[in-house]
Amino acid sequence: MTMLFTAAETPLLDDSVKGCLDFKGRPVHRSNSGGWTSASFIIAVEVAERFAYYGISSNLITYLTGPLGLSTAAAAAQVNSWSGVATLLPLLGAFLADSFLGRYRTIILASLVYILGLGLLTLSATLPSVTTSGAPNADNVTLNTSSMLQYQVILFFFSLYLVAFGQGGHKPCVQAFGADQFDAEHPVECKAKSSVFNWWYFSIAAGILLTLLILNYIQENLSWVLGFAIPAIVMAVGLLVFLLGTMTYRFSVEGDKESPFVRIGRVFILAIRNRKIASSAIATEESFKQFKFLDKALLASDSTMEQGKVCSMREVEEAKAVLRLAPIWATCLIYAVVFAQTSILFTKQGATMDRSITRGIEIPAATLQCFISFSILLFIPIYDRIVVPLARAFTGKPGGITMLQRIGTGIAVSAIAMVIAALVEMKRLQTAREHGLVDKPNLTVPMWVWWLVPQYSLCGLSDVLAIVGLQEFYYDQMPNELRSIGIALYLSILGFGSFLSSFLISVIETVTGKDGRDSWFADNLNRAHLDYFYWLLAALSALGLALYVYSARSYIYARRSTS
């Protein structure tokens, strides 16, 4: 039987993926590369990294105020500073990946640094083992203990920031590399790509949930050494799984040997240099309505003609795409401040409350963060399988609603979460007063910790909307070669938000604690006023939402986006 193929059918025989190569530099075929198969290996290392990260960050304030003996305000500032650095370093990692190393190699190197940091962190937890038993000179023992504690603190923070460096290279590349495994020009893979950010976050939430349910209990009830060692082991296993998927990965072909940072930087330089030249010769297009001052990079001055460097319309559009993201970035910072509280003040708040499950068994305060994960695991399937299809039927958009609408809804939910948190804290303070516990901070306030579940759950819903929306938005709207930077920019919102949180806490601690008064963040939380801080954040969130809506309404999406 003779096989005949029409011109329309012939392309089906070639399932090679345009613009992608395999790990040996050969063309890749759709049937045995990319898609959910490759994404599964990449998600595995991301789940391991999130397990390790939250294994440290979720209970860090407990370790700082416990074994290391810091005050609540000092510990909160340290946690915020570390979180800020950890979420700003991805800008450096993304730059190295997009300009020099590539995402695959950056992930491997960052994972090795990560494992080293976790290993040293485990070692630091073994140091305070000095005892006074049998010591001939108590003064010498005290001196040695103090010296050992100093070494422990130095090693601990060195290891902690080494973990931050590892995350800086890991986080922006893994998610971008995972999304790269789906071809946006293929109808089936395009739909999968629109869901990958939802299910990516779902998988991460599952990993975080395991951390909060298991690791926090081990750290507080068994051993901090074991609690730090397990994340190191999990991270090593995750790296191994990632390497096993190498033969299935799709590697994007570099469209231009010149660094995208150089191209975009040249646009700004030439626009400034040509600022006095008349721009009447520039053709007017829809895409050039914003930031018209950059259009002058298209003009040739005498100096640029001599150098042979004139920017193309594509390069100017790339520069404008990056610049358009700035207002969205700035107006999301208050949301990031709220995001930072779940692992800091919420945890300290819960530590004062009745956390007993049965007689003699208490859940660690940090474990309450599992309700954020429960909320994410509940709402992502509802959003992806019910809300999006229903919204898509009305709007015709692949994502149901636009990415910016999704982010804005998440910011609104976070403001509501702060209102709920303030009301619950007011109830906790009232309960402490009614039972005469204001000056007895070591006694448990007879109020169930489950009162905190609504604020945690709303924060989880906010994450589903705002965090996942920001991830997709900054990946989708960046030029193709700068998508690692796009993920890093989204993370930098959380980083600057952590620094803002630290700054706010420090300023408020100084102002409200003058003349020996109890500050809003007093170590005795029964005399503190976290409720005032939560009301402040709720008001700032409302202001931030108004500014965000104003910026979002004037945003022009990149042409390739259908959102």
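Note that Cβ sites are derived from N, Cα and C of the backbone, with glycine treated the same way.
Residues or ranges marked as transmembrane segment in TrEMBL: 82-101 (among others). Proximity of distant same-chain residues to the transmembrane segment (82-101), defined by a Cβ-Cβ separation under 8 Å and at least 6 residues beyond the stretch ends, is recorded for 53, 57, 60, 109-110, 160-161, 163-165, 167-173, 259-261, 340, 343, 481-485, 487-489, 491-492, 494-499, 502.
Among the features that TrEMBL reports, transmembrane segment is placed at 108-128 (among others).
The transmembrane segment annotation in TrEMBL covers 148-165 (among others).
TrEMBL lists 199-218 (among others) with the feature transmembrane segment.
Annotated transmembrane segment per TrEMBL: 224-244 (among others), in sequence order.
Same-chain neighbours of the transmembrane segment (322-346): 57-58, 60-61, 76, 79-80, 83, 264, 290-291, 294, 366, 368-369, 372, 404, 407, 410-411, 414-415, 417-418, 421, 452, 455-456, 459, 462-463, 466-467, 470, 473-474, 477-479, 482, 489, 492-498, 500-501, 504, 521, 530, 533, 537, 540-541, 543-544, 547-548, 550-552, 554-556, counting only residues six or more beyond its ends whose CB sits under 8 Å from a CB of the stretch. Marked as transmembrane segment by TrEMBL: 322-346 (among others).
Long-range Cβ contacts of the transmembrane segment (366-383) within its own chain (Cβ-Cβ under 8 Å, at least 6 residues beyond either end) map to 54, 58-59, 62, 198-199, 201-202, 205-206, 208-209, 212-213, 216-217, 220, 342-343, 346-347, 350, 449, 452-453, 456-461, 463-465, 468. The transmembrane segment annotation in TrEMBL covers 366-383 (among others).
Residues or ranges marked as transmembrane segment in TrEMBL: 404-424 (among others).
Positions annotated as transmembrane segment by TrEMBL: 487-512 (among others).
According to TrEMBL, the feature transmembrane segment maps to 532-550 (among others).
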Problem - Recorded stretch, among 148-165, 199-218, 224-244, 487-512, 532-550, maximising Cβ pairs under 8 Å relative to the transmembrane segment (404-424) - result: 532-550
Handout entry: Highest-contact recorded stretch vs the transmembrane segment (199-218), from 148-165, 224-244, 487-512, 532-550, CB pairs under 8 Å
Key = 224-244
